[in-house]
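Per Swiss-Prot, active site, 4-aspartylphosphate intermediate is recorded for ASP349, and the stated evidence type is similarity to another entry. For ASP643, ASP647, the entry in Swiss-Prot reads Mg(2+) binding site. Summarising the annotation, Swiss-Prot assigns topological domain 'Extracellular' to 96-99, 283-294, 723-727, 795-801, 863-875 and lists sequence analysis as the type of evidence. If you look up Swiss-Prot, you'll see 79-95, 100-121, 263-282, 295-316, 700-722, 728-751, 776-794, 802-827, 843-862, 876-892 marked as transmembrane segment.
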Amino acid sequence: MKVARFQKIPNVENETMIPVLTSKRASELAVSEVAGLLQADLQNGLNKSEVSHRRAFHGWNEFDISEDEPLWKKYISQFKNPLIMLLLASAVISILMRQFDDAVSITVAIVIVVTVAFVQEYRSEKSLEELSKLVPPECHCVREGKLEHTLARDLVPGDTVCLSVGDRVPADLRLFEAVDLSVDESSLTGETAPCSKVTAPQPAANGDLASRSNIAFMGTLVRCGKAKGIVIGTGENSEFGEVFKMMQAEEAPKTPLQKSMDLLGKQLSFYSFGIIGIIMLVGWLLGKDILEMFTISVSLAVAAIPEGLPIVVTVTLALGVMRMVKKRAIVKKLPIVETLGCCNVICSDKTGTLTKNEMTVTHILTSDGLHAEVTGVGYNQFGEVIVDGDVVHGFYNPAVSRIVEAGCVCNDAVIRNNTLMGKPTEGALIALAMKMGLDGLQQDYIRKAEYPFSSEQKWMAVKCVHRTQQDRPEICFMKGAYEQVIKYCTTYNSKGQTLALTQQQRDLYQQEKARMGSAGLRVLALASGPELGQLTFLGLVGIIDPPRTGVKEAVTTLIASGVSIKMITGDSQETAIAIASRLGLYSKTSQSVSGEEVDTMEVQHLSQIVPKVAVFYRASPRHKMKIIKSLQKNGAVVAMTGDGVNDAVALKAADIGVAMGQTGTDVCKEAADMILVDDDFQTIMSAIEEGKGIYNNIKNFVRFQLSTSIAALTLISLATLMNFPNPLNAMQILWINIIMDGPPAQSLGVEPVDKDVIRKPPRNWKDSILTKNLILKILVSSIIIVCGTLFVFWRELRDNVITPRDTTMTFTCFVFFDMFNALSSRSQTKSVFEIGLCSNKMFCYAVLGSIMGQLLVIYFPPLQKVFQTESLSILDLLFLLGLTSSVCIVSEIIKKVERSREKVQKNAGSASSSFLEV
């Protein structure tokens, strides 16, 4: 069987362009051969001009998604709605019966209704498309000798890419460096066990992807270790291309709220069709024109059935999510918007979320008891190390220098141009070395082996040899949590001598560590020696990570509103409690629990004590799962933050998984429901506030739409049963439907968030959106609209002859009622004057547009013919405005009564329940 060496994309401009190597062929070749074929420099990478040249040939590293259905087809598909088809049938029947005016009127109305529905659906799709672009994949790439953080779509064949734990592989890579590398290829091969990766060429195999152990495939996840690889295939030329096309066919599931709206719509449709059928039957029995009754009934079905409700819900949720982006929170899944308002427990990591994650070493304790203070902040060389009033530099003080050496060599971070590339804790140690002029030590050693840091073991170690002394034995350097590092130490350094580590010394170091921790410092221990288990303890460094600005205020606000906050950290008990107390999380009645204690507890026992626990210290991601389960067992809705690979399972288990945008791994971001762009705890509060506001807005337009639907249905039903002439014709009913489903309704979905909403207790997730209180308000509004409209119709019918003026007055009365009803629906608790008449500009424009449209329908001759209206006097309009404002006035009175009652209850000592009382 003949195997092609590579796939080559034709290009008339340049026949010598770099090929795209297949993963099968690349796995069989040596690294040098692959680099030669791709004309790549493994160490320095490509230069910018070469990248541009290759991109022009190969394109971006992304997939060509099949083109969307043309807009005209989407528009035509709107006519497939059964109700629209029935209206078209009535228009055809009107033509056959030579009632051309009616046919034209119905057709114009259909076009308007279909256009509004099309625009709504288009907005919904576009909003959801925008959401998918909020989290672009990124990677680390070497170009022109520098490590760069760039978008994955920028990669071209021949690029050198660096991988670390938690990264998603950005393109197909031929690996040339791999340290303890393990990759999860389940998204590609279906195999759940991570695959170990190597760099050696692989013999020709049967084409099985799993056998290509020197290839990292695009879209797979790095579970362990780190590596470097050369890009051999991008976009559709990667092995993931076909898988991606299949993924595109999957439809996103509907949110619970959308499902409930669908169910509500179906229930209303069922009842509406029943009532409309009765109206047709009664009208026919009373001798009314059957075609007229059919057209009115179908029009009423279009208006009364809130088919646009799920679409408006989607648009509101999507627009709300886009607003959250401005507040630095990316919500990946729409259901989370609903869940945010129910959240009553937040489990937050300390570092980078509650604190700034700007690590700076401020204190050093050597193993022989010497204390050193460190000045300066940030990832730079500005600052000094002071011992007993003297500035130490270089190897002036061996005890301090050995600590700095260990911290510098056992380190993967790089500081370039005052910019950190790596972990903040490691950056603090490099900055310390820079202050002493010892940062070059990192390059003086050749790393032979590495034991990467993990949240489980809480230490990192490297085995090295000095470049100038490679014939000497290897030396190990270790850094990590004191409790773990001290286990590997048998001796300690004392004034240049190596002495046996006694229990007395261990107790002394433990006391110093506790003292530094109680001052809010993160404490790291450092050691070195010939091998693990025979290390010499060198000392401790204290690293400060100050609380973020505004976090304390956010914590206070959330706790007051009934949201319990738990801090989860890998730090010591002293450090954790010191920071928690400073933030207002920890009080005299609070408890703290260690990760080890969580391990020994059953979920049942943990669920009993967890309400009083404010701090979980020395905790790792595996403990988070148990904490979540214990909280959920008590009925809590839990938000959990995370940034590491091991956090992914906990984030999926939480009701709201929150990933860190800056420090979070790709695995973590993928598992999360929400991403904090700036890793700031305050952003969680802003998201909860926005989530509550969005839910309130949905309630507002549900109230508006249902009250209008019920009023329209009731009005025609009563008129038919009372043997009145029809108060509204088909075109007028369709116009009302446009107002009900159109701009005024949608503008209620973008009402600015009430600043007081964050102080309200979390909503019970089991509560229906249609509460008793909301149903009462819907019915009150519907009754007022029906009674007012029937009164106007009866008043105009006193001559017992129905005229265009009669229906125009009735029609305009209903529309004006709708506008005032929309105004009162802007808030369920506050007066329209309190929230501001013009605070929602979109609402003002929507209502103004609707009123202008109504005036055109009344006064513009061509539209008068379509809607069968006639001009009204200014006195008529003033009369209607006075009457229809009653729906808003009554609503305001109800709100006032509710607020007064709530105030009385508060004064009586009634308190909202919260999870803290569970």
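Heads up, the Cβ atoms here are built off N, Cα and C, so glycines get one too.
In terms of local Cβ density within 10 Å, ASP647 ranks first among the recorded positions ASP349, ASP643, ASP647. Put simply, ASP643 (Mg(2+) binding site) is 9 Å from the residue listed as 'active site, 4-aspartylphosphate intermediate' when counted between their Cα atoms. Within the chain carrying the transmembrane segment (876-892), a Cβ under 8 angstroms from the stretch's Cβ atoms is held by residues 777, 780-781, 784-785, 788, 791-792, 809, 812-813, 816-817, 819-821, 823-825, 831-832, all 6 or more beyond its ends. ASP349 (active site, 4-aspartylphosphate intermediate) carries a strand DSSP state (E or B). Sequence-distant contacts of the topological domain 'Extracellular' (723-727) (same chain, at least 6 residues past either end, Cβ-Cβ under 8 Å): 286, 288, 292, 296, 715-716, 789-790, 793-794, 797, 802, 806-807, 810. Counting residues per DSSP class in helix, strand and coil order gives 5 helix, 0 strand, 2 coil for the topological domain 'Extracellular' (795-801). With DSSP classes pooled into helix, strand and coil, the tally for the topological domain 'Extracellular' (283-294) is 8 helix, 0 strand, 4 coil. With DSSP classes pooled into helix, strand and coil, the tally for the topological domain 'Extracellular' (863-875) is 7 helix, 0 strand, 6 coil. Outside the topological domain 'Extracellular' (795-801), and at least 6 residues removed from its termini, the chain residues within Cβ reach (under 8 Å) are 724-725, 809-810. Broken down with DSSP, the topological domain 'Extracellular' (723-727) shows 0 helix, 0 strand, 5 coil.
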